[in-house]
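Colleague: In case it helps, TrEMBL gives these features for our protein:
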| type | residues | note |
| --- | --- | --- |
| TRANSMEM | 6-26 | transmembrane segment |
| DOMAIN | 58-362 | domain 'NADH:quinone oxidoreductase/Mrp antiporter transmembrane' |
| TRANSMEM | 93-114 | transmembrane segment |
| TRANSMEM | 134-152 | transmembrane segment |
| TRANSMEM | 173-195 | transmembrane segment |
| TRANSMEM | 207-226 | transmembrane segment |
| TRANSMEM | 233-258 | transmembrane segment |
| TRANSMEM | 270-292 | transmembrane segment |
| TRANSMEM | 313-332 | transmembrane segment |
| TRANSMEM | 352-371 | transmembrane segment |
């Protein structure tokens, strides 16, 4: 019911570190808003982490669903942690209603596949489908609902409706929590279901992922251009970034078949992208949390005006994050995008090459709203002359976070090799 492999171990490690960093960044913010009373935030965070661990390591449909529910129920409660804040409660209700619907889709899809194969074990499901004795239409019908549920958890189009509203309405510390480590768990769950269990249906789920990836890149980048709220802008950024992850996942299927030489590059590029995205998101929201500490919610892009004059260090960290998200070399975000594009182009398939060109165009469009924030930080006049202060632990972790981004940008080979090795060993089990 549970599998232990290199991919799962590393994803769990990254998720635990991401949650720890989130709690370090979010503690001063939460303390200022009386969110630490009773220890609810820490308890729910640990329950969410347990759910992530279960999702990443599960080898059974039922266990995956239990882990997912443990994560999502804790997340709903975390979003509503500020009970006296109407925006947070509203965001939690939207998250709960749409999340329950997505969980229902996933459960219905899994039940259809269980009914067709007669097993909840992912390995046995793979063998049953690979035997070719089950009606393809029944499997595809269940697959549609499974992919819909996964799409919601990843926050990709057309299942992205909750992302901007929840990112904006949730307390910023909780926004960081639901936008970082759970993406690693969602990636792990996607690998377990689609690759370990439903790989014989690769051609079908590749087409679905392709459509979602294209729509996510389009809506995410165009939607980001229209935003004046920083958290909503980062939400649309997340949608577009997850579109790149889907491109990586689908690029291992060539001419309708799983190509043994392509899967390593495909899945390792997707894993590398998710890890670097989480690392960048942590640092970006860390700066936003610093600016929001003294009873002031720093949510608008204009709130960053003149940040370089108030705190050159934090402006520099934010600029590095934004440049990395935009894919500007030599930062790690550039290599993450490059690895996905290489996986697409190396297939030699015309549709994949067209997708790579489309992704580059969308990245160029998306770079505009990232650079707009940099312009506000460095060239606009500050709204206040007050310097930005931070506790020593937050300052130290944020500095290490930014240093990791710079180091991985200069020397990305180590993390790339780690992801490739983890994927190879996971596929071999």
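Including glycine, each Cβ sits where the backbone N, Cα and C put it.
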Colleague: Take a look at 173-195, 270-292, 313-332, 352-371 and tell me which one has the most Cβ pairs under 8 Å to the transmembrane segment (134-152).
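Modeller: Out of the listed stretches, 173-195 contacts the transmembrane segment (134-152) most.
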Colleague: Below 8 Å between Cβ atoms, which of the listed ranges 6-26, 93-114, 173-195, 352-371 makes the most pairs with the transmembrane segment (207-226)?
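Modeller: Ranking 6-26, 93-114, 173-195, 352-371 by Cβ pairs under 8 Å to the transmembrane segment (207-226) puts 352-371 first.
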Colleague: Do the transmembrane segment (6-26) and the transmembrane segment (352-371) come together with 3 or more C-beta pairs under 8 Å, pairs six or more apart in sequence?
Modeller: no
